[in-house]
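Asks: Okay, handing you the structure first.
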């Protein structure tokens, strides 16, 4: 084709393309966004669906049902509670994306959540049958017990349960009790002299959730509520027990923390926790098995007593609170070794086994850890070795969520007692970890640690550690930055990346960052770090814009982002703009995604996938092709409005280390190739589970990473030995001199 004809044809194609693009001024149209709450419920459905995936061992399938249950508890107590408050106080606030009122959102949530619960309990009932068939563990209800067990069950009740429970009658002299949050209660309908009575029995959470009985060739599981039902008549002598059903109340945990004017945030948090435990009821769950019309009337009584509505009731075809399935999973795996996931041992870097970590870092080496495939121990040891080193001047660390018996806390206290200056920011406002963090803050202060409680009206979610040591006449700084919490327990369950370095410009940034946290300094100008709420959003918006310009000039615009959730509208609109320009955008988003991919003229160049598997995906990685000179960032932040506007978060670069950049890009490619645990979001807002095509290799990213970990353990010692010998040779022969 002649050049002038080619140009004319190209211009026509570009004009046609532009004509079908959705105008920028229409980007606010609600139909181009998903509602945050419904997107979260879709995520929980994907979690529950793992119980249906037979590539997961049966005991592990049970845990996904338990996770779905505890996930929903938190969602109801926070997100649903917040919407209920809006309705209660007459707020006219609407969802910023769908423009839905709180009433509309609650109605939509109730409908979708009912679908999820029905699906979850359908799977639950299937799985407990499979557990009986495969492992001989049989669930039994009180009415189904073999008569030969009655005496044993009654003995359990009398010795282990009766001394700890109290029935509460309800009448003119005994008012409706204050029902504890998320505790299973028995509602008892009684009769005496043809007069009706009501009693409620709370089941203390300190008691065992279930008991095991031995039967011929099998074990019988009987839940505590069934044990009580079996002996219920003994609690109400002189009354006839007509029927009993189980219920559970969830209470509002969305109470506000009043920081304004507070002189001591610690006491404010303690007051807040007390108020939260007594929050108003937001949900009523009913075990509907065997329910009659009379039960419906009693549920109506509970609704009225708790000031709820019919929409706030969850009818469940099974036991309430499936958290006990974690314990059952443990029973099965202990009884039948090999029945759960294959055990794995995280990889510990070979060079750190033979050499002191600080010697490795002083040689110019950097360390990149990909948890849980790589051990979290080097992070613990970084602080532990510093705590016992007389050359250590100071240790600074941010803590958001830590484990119950945190070795990091122990080492920080030890460091302070050794005369090292230790500064720790303990984020007291970390949701549902507030009590633990109050305890840790007090312990650290008692040990001589200088404790910061956070930044006013912001949550500090950054993951940073700074160690300063004397080196001859100078000081040397060592830094760890990560995408996940300083929590040795979750480091075995969550995927995260951690980076340890002595690179001067980065350690200087982290030094200045801690001075901002501990003093009255404004956010400094950083060399490499990007920190919210000041400029993290604007930095990434600028990076997206750069890809748009590169696409126009070089046709190689490409963005890959892996995160937990995407809700920020400004960020989404910029991604839509980039898609319209032809930038290839690949998003790996575990949970909430308010962006809709695949809309013609808007987001057809965007794909969204979610990976749900053995480990909780938690890494935040942001890749920008930058005209084939990649810019790569790790971050503690998701692209959520709360992270970008109401939290102190850090994004830090990786492109300065080519080896690490290539390794992280390889990780992204692996997740983008997953056809085993990946779900793809469609333009109709539905997720579709990806399946390998006939003859195509089955690729599960997490499984592949576990396989690579095993391979690395076999080949790494020899490689490290060789590398260190080469470095020693270079050092002796002077090849590293400039």
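Using the three backbone atoms N, Cα and C, a Cβ is placed for every residue, glycine included.
In case it's useful when we look at the structure, here is the feature table from TrEMBL:
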- 1-28: region 'Disordered' (REGION)
- 33-129: domain 'Polyphosphate kinase N-terminal' (DOMAIN)
- 71, 494, 590, 618: ATP binding site (BINDING)
- 150-328: domain 'Polyphosphate kinase middle' (DOMAIN)
- 357-522: domain 'Polyphosphate kinase C-terminal' (DOMAIN)
- 401, 431: Mg(2+) binding site (BINDING)
- 461: active site, phosphohistidine intermediate (ACT_SITE)
- 529-698: domain 'Polyphosphate kinase C-terminal' (DOMAIN)
Asks: What span in Å does the ATP site cover, taken as the longest CA to CA distance among 71, 494, 590, 618?
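Replies: Those residues reach a largest Cα separation of 16 Å.
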Asks: Could you put numbers on the helix, strand and coil content of the domain 'Polyphosphate kinase N-terminal' (33-129), residue by residue per DSSP?
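Replies: Helix, strand, coil within the domain 'Polyphosphate kinase N-terminal' (33-129): 76 helix, 3 strand, 18 coil.
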Asks: What is the number of other Cβ atoms found within 10 Å of the Cβ of residue 71 (ATP binding site)?
Replies: 17
Asks: Looking only at C-alpha atoms, tell me how far residue 71 (ATP binding site) is from residue 431 (Mg(2+) binding site), rounded to the nearest Å.
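Replies: Taking the Cα atoms only, residue 71 (ATP binding site) lies 13 Å from residue 431 (Mg(2+) binding site).
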Asks: Express the predicted model's confidence over the domain 'Polyphosphate kinase N-terminal' (33-129) as a mean pLDDT, rounded to an integer.
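Replies: Average per-residue pLDDT within the domain 'Polyphosphate kinase N-terminal' (33-129): 97.
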Asks: Minimum Cβ neighbour count within 10 Å among the recorded positions 431, 461, 618: which residue?
Replies: 431
Asks: Within 10 Å of its Cβ, which one of these binding-site residues (401, 590) has the largest number of other Cβ atoms?
Replies: 590
Asks: Ten-angstrom check, please: count other Cβ atoms within 10 Å of the Cβ of residue 494 (ATP binding site), all chains counted.
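Replies: Neighbour count, Cβ to Cβ under the 10 Å cut-off: 18.
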Asks: Roughly how many angstrom lie between the C-alpha atoms of residue 590 (ATP binding site) and residue 461 (active site, phosphohistidine intermediate)?
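Replies: Cα to Cα, residue 590 (ATP binding site) and residue 461 (active site, phosphohistidine intermediate) are separated by 19 Å.
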Asks: List the Cα distance (Å, whole number) between residue 401 (Mg(2+) binding site) and residue 618 (ATP binding site).
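Replies: Residue 618 (ATP binding site) has its Cα 14 Å from the Cα of residue 401 (Mg(2+) binding site).
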Asks: Tell me whether residue 401 (Mg(2+) binding site) sits in a helix, a strand or coil according to DSSP.
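Replies: For residue 401 (Mg(2+) binding site) - judged by DSSP and reduced to three states - the answer is coil.
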